[in-house]
Amino acid sequence: MEILRGSPALSAFRINKLLVRCKEHLLPVSDIYAEYVHFADVSTPLNNDEQAKLTRLLKYGPSLAEHEPQGHLLLVTPRPGTISPWSSKATDIAHNCGLSKVLRLERGLAFYIHAPTLNDEQWQQLGALLHDRMMESVFSDLKQAAALFSHHQPAPFKRIEILLQGRQALEEANVRLGLALAEDEIDYLLEAFNNLGRNPTDIELYMFAQANSEHCRHKIFNADWVIDGVTQPKSLFKMIKNTFEHTPDHVLSAYKDNAAVMEGSAVGRFYTDANGQYDYHQEDAHILMKVETHNHPTAISPWPGAATGSGGEIRDEGATGRGSKPKAGLVGFSVSNLRIPGFIQPWEEEFGKPDRIVSALDIMTEGPLGGAAFNNEFGRPALTGYFRTYEERVDSHNGEELRGYHKPIMLAGGIGNIRGDHVKKGEIIVGAKLIVLGGPSMNIGLGGGAASSMASGQSDADLDFASVQRDNPEMERRCQEVIDRCWQLGEANPILFIHDVGAGGLSNAMPELVSDGGRGGRFELRDILNDEPGMSPLEVWCNESQERYVLAVAPEQLAQFDEICRRERAPYAVIGEATEELHLTMNDRHFNNQPIDLPLDVLLGKTPKMLRDVERKQVEGTPLQRDDIYLAEAVERVLHLPVVAEKTFLITIGDRSVTGMVARDQMVGPWQVPVADCAVTTASLDSYYGEAMSIGERAPVALRNFAASARLAVGEALTNIAATHIGPLTRVKLSANWMAAAGHPGEDAGLYDAVKAVGEELCPALGLTIPVGKDSMSMKTRWQEEGEDRAVTSPMSLVISAFARVEDVRNTVTPQLRTGQDNALLLIDLGAGNKALGATALAQVYRQLGRKTADVHSPEQLAGFFNAIQELVAAKALLAYHDRSDGGLIVTLAEMAFAGHCGVTVDIASQGEDTLATLFNEELGAVIQIPAARRAEVDAILALHGLADCVHYLGQAEEGTRFTINQGAEAVYQESRSTLRRWWAETSWQMQRLRDNPQCADQEHIARQDDNDPGLNVSLTFDPKEDIAAPYIAKNVRPKVAVLREQGVNSHVEMAAAFHRAGFDAIDIHMSDLLANRRNLQDFQALVACGGFSYGDVLGAGEGWAKSILFNARVRDEFAEFFLRPQTLALGVCNGCQMMSNLRELIPGADLWPRFVRNKSDRFEARFSLVEVDKSPSLFMNDMAGSRMPIAVSHGEGQVEVRDDAHLAAIEEHGLVALRYINHYGQVTENYPANPNGSSNGITAVTSTSGRATVMMPHPERVFRTVSNSWHPEEWGEDGPWMRMFRNARRQLG
């Protein structure tokens, strides 16, 4: 084993945070230093050249200090017997670099700790703080890492002796294996195996438990119900299905696949033909929708829990029909109170929690990062979401009890597109090859389906932790590329049938695949890809290793499928064949036995049906006590409540521009304020049709009125999505995610009433369909503390996600107020005169619940509201729109003022004298801003839709900072907009300070309070409407551009589209094509290296990609020859920029180029940043010098690193800087967030001395269309100014 030191692993502020954690755990640690250390398992000793190559390969990240580290060593490595995702990718890079003697690379994190007084027990405590016990181990010596490369012998399966020991043997196995089997299921299995005349194997029982868990079978939603002694006519699921029976319009697939599908638009989908050339293909892009939850894993281990939640939902989308394309995501969190240190709020009492779960603060620190990281690396923008906190002692139908989200809600959902001929799955023919596509089996995520079906605290702590999966999004990206190549073949698609691998692992996915296809299956255990040979058959078959799909492929198409997988470097294994007989057989050639030999009907047959016999329980509650509520204090408190407060800390960590098809993200207007009501994407890169999604949820209301809470969730989703141009209400489709503490007194009956209110009443009345959803029925946490039983029970929580086809994405209206003309602010109040304050944000911040809550008072008025807003949107009669929701009218107005950077003066006298109720009630409705001149027209449209009595004139938006609310002649509330904005932002700021570089967080918080900030602005030195490439395109000559990607790159399609529009033939070139000599760069006039996460940023962002070129002699020469050839152009963007900066030795005139390293914030940054084009030789930026314009930024490692000040000065003196970050005043800046990575002198793009090669961190390809800019001047046409770059390239090539 070779040992090689790596780069420093933790920044100074990360070290400080670690020291603070030590102090919190009473561990007297004075100093910590951390660096990466690499371990290489080699077949034979490396020679000097190989050693030098390996040393250079493993040199990445910040420069390593010369000194030998001092202190007590704690070495954290992956768990012996496992192979980490880092190892797989680093080893791939080594092999691609010709280091064939390297069998495997692995990486550890060496902590050198100064703590002379720690005893053995404290050292163990410290070790526990530093590692994830499910995935990592701790050693005290570097040489002990040799255990990473030890090999273990496979373990055999075990039989459960029921023939001799009977029921007792099954009961013991139930507890030992964490199967969560009910009494009647134990009886069922006992009878089934007695009839078979044999003992079950452990793998068969585990497989049954996962396939029949509440998580997978949804027993409660399919149960029979008796409430208060009365048998109910329908199950919960039948009431949901009633919405489809009532309104099947526009739904193409419901309830029978991994996601639902509704009609989309006929557009030009942009992808490659059989020769790798990109072009538009006119076809239907139908819309798929799915929303999942991943609550249990997120409570145990937030980052991987949330990451695999997003990853699983993405796989659901990709595995719909015969393969489809995930497109854009949403995410949501409900947790207990944050209790931010130094920022604990008056309503946040400490109620305790069990040790096995993490705190709400930990969840919201790590969970969103995990979800965002997966979406980022996969290449899916996350565009909307919600965040609620609730934890309180309330008076309920069970007396006083604790309600909250100790078991959190982690919501992951999204939209995608699918071809019409692939919506329905194909036929699995007998003899079809049964395939696992994706990563290897690892001993993680065992029993997730069963574990998530139990109330937290019922299962064993080790089983809880074992049930959390770990993520590898770059692997999932590779698998999706395979699926994309398959569906793009149309009728020749080799995929007959596909499912994702989720809860229960292959033990659930493979039986589901063959059963759904009307077949059985015959499998070979040892053909499953396996990174841990020591696993038992149960562990191989049932683990929930992520990023896997199961497929059926016809034997005659296997060679084609193999070719696609090899090109994309996506691992796969043929593990069996489909059989005529409905039977599962698994052979194990290592032990020459059969761990599984089971009829499918035993596994998936008619297991006992559940009966829920429950009672309704209700409590009236006490009215809100208002004596101690003062308006000024109430406003500040409500603006601090997370459900109301700014959520920038949750948003800028997620890529919101990838695909180039994002028309409306969360950030609104020139000041990029996160207040958008819905997310909108374009259906393609050549149209204005699109898709929209929004969220609605009002969970605390269920503590008083279950049905009202459900109705409000539907209503809020509608008032949110109404902001874009949809058309008829029947175009909107809903996903319903139901969370409840089943078995908790009163909750079951309340759940039934809520489902009935939505499925049988409201949705049919509105013509709405719920074709997809999910339930999580174990939302209760139990534990013991100080000798007494404790429990925190979640409110019944319905999260509604609304999805719709969009007629014209350009008509989407935002909350940004306009002040350039006479205007009017109108409140459309759907409260029908009600101003209930029960279960509002106001009640929560004063630790009350109240009595009466908001509700949907008239489905007809709600439908009229939606239709009226749609008419106004289509007529372009609205200047701004924002729904009324959490926090009430005052929050709606404040957020609109924040987005417009203006003042507001309103009069609420027309709504009665109860100021508090008027401002803080959360009845459905919206505030619209209209031109004063169109008031009569707008009033007429509202009246036509039955809303005349709902409309109140409030006042107007105006220049300045004053926020004034009058009650007739009296000003009842006055405050500056900047003060309100500061209060609203403080929760996000405090979370950023805890999680990221506090210096950056402070700079952003200060910047928000600048009343004079002019916002994003544009000053161009050219006309973006001028097509300077047109004369060259007219010659009918299209130069070829190699659109270069490596595994993990995710921005190549929009890049190809930009070059295609500029007159190039864009050709898809995978690095595997060059390494295998299938393609050669001599055939191209231009090359573009695209953005993403090549190799998951293993060995440094872009560095592994670069070294696979530099260390492969033939490919190195090919690149060198291309760069030397005159009349060629090369562009590197984001990951491609990082990669090309490491190829500078091959690029003439690039020897001064810097490296790009970790952002100063130490966080992935997704921003819409203002840049200025510098005068430079760059041929891409020709005639653009002096222009200022915003551009999409999405990266974690974009900070320019130079050797010293002289190096920086040389770059400047040679005029190689092509782009710089500037602030809104037009000044070059290093301040965050105007400069999102902290680069010196604002540098974000450099060029070679000839100008033929340019590298840049921002993404021009994602904003070449005006419509994909988060904000833009209204006069821009189809093309945004960044299109000029690509047309410049076309002009240069003549």
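Note: Cβ is positioned from N, Cα and C throughout, glycine not excepted.
Mapped onto three states, the DSSP output places Cys1134 (active site, nucleophile) in coil. Its Cβ placed at the centre, Cys1134 (active site, nucleophile) has 32 other Cβ atoms within 10 Å. Annotation source Swiss-Prot lists active site, nucleophile at Cys1134, citing sequence analysis.
Of all the Cβ atoms in the protein chains shown, 25 others lie within 10 Å of the Cβ of His1259 (active site). Here Swiss-Prot flags His1259 (among others) as active site, drawing on sequence analysis.
The active site feature in Swiss-Prot is assigned to Glu1261 (among others); the stated evidence is sequence analysis. The Cβ of Glu1261 (active site) lies under 8 Å from the Cβ of Gly660, Ser1051, Glu1054, Met1055, Ala1057, Ala1058, Cys1090, Val1133, Trp1282, Phe1286, each of these being in the same chain and 6 or more residues away along the sequence.
Around the Cβ of Ala676 (ATP binding site), the same chain contributes Thr384, Arg664, Asp665, Gln666, Met667, Val668, Ala723, Thr814, Pro815, each under 8 angstroms and 6 or more positions distant in sequence. In this structure, Ala676 (ATP binding site) belongs to neither helix nor strand by DSSP; it is coil. The ATP binding site feature in Swiss-Prot is assigned to 305-316, 384-386, Ala676, Ser885; the stated evidence is sequence analysis.
What Swiss-Prot records for Asp677, Glu716, Asn720, Asp883 is Mg(2+) binding site, and it gives sequence analysis as the kind of evidence. The local packing around Glu716 (Mg(2+) binding site), expressed as other Cβ atoms within 10 Å of its Cβ over all shown chains, amounts to 27.
Per Swiss-Prot, domain 'Glutamine amidotransferase type-1' is recorded for 1041-1294, and the stated evidence type is sequence analysis. On the 0 to 100 pLDDT scale, the domain 'Glutamine amidotransferase type-1' (1041-1294) averages 97 in this prediction.
Listed by sequence, the residues of this chain that lie at least six past the ends of the region 'Disordered' (303-325) yet keep a Cβ under 8 A from its Cβ atoms are 253, 257-259, 261, 288, 290-294, 296-297, 331, 366-371, 373-375, 378, 380, 382, 410, 412-419, 422-426, 445, 468-471, 473, 476, 479-480, 483-484, 486-487, 493, 495-502, 546-547, 549. Residues or ranges marked as region 'Disordered' in Swiss-Prot: 303-325.
Neighbour counts were taken at the CB atom with a 10 A radius for the binding-site residues Thr308, Thr384, Asn720; the maximum falls on Thr308. Non-local neighbourhood of Asp883 (Mg(2+) binding site): Asp677, Glu716, Thr719, Asn720, Ala722, Ala723, Thr892, Leu924, Gly925, Ala926, each in the same chain, at least six residues away, with C-beta under 8 Å from its C-beta. When other Cβ atoms within 10 Å of the Cβ of Gly311 (ATP binding site) are tallied across all protein chains shown, the result is 29.
Around Ile314 (ATP binding site), the same-chain residues six or more apart in sequence whose CB sits under 8 Å from its CB are Pro326, Gly329, Phe374, Asn375, Phe378, Arg380, Gly414, Glu476, Gln480, listed in sequence order. Each residue contributes its Cα atom, and for Cys1134 (active site, nucleophile) and Gly305 (ATP binding site) these two points are 28 Å apart. Listed in chain order, the extra residues whose Cβ falls within 8 Å of the Cβ center of the Mg(2+) site residues Asp677, Glu716, Asn720, Asp883 are Cys678, Ser694, Gly696, Ala717, Leu718, Thr719, Ile721, Ala722, Ala723, His882, Ser885, Ala926. Secondary structure from DSSP puts Thr308 (ATP binding site) in a helix. DSSP assigns Ile314 (ATP binding site) to a helix in the three-state reduction. Taking only the Cα positions, the spacing between Gly311 (ATP binding site) and His1259 (active site) is 24 angstrom.
Between the C-alpha atoms of His1259 (active site) and Gly305 (ATP binding site), the distance comes to 30 Å. In the three-state DSSP scheme, His1259 (active site) is classed as strand.
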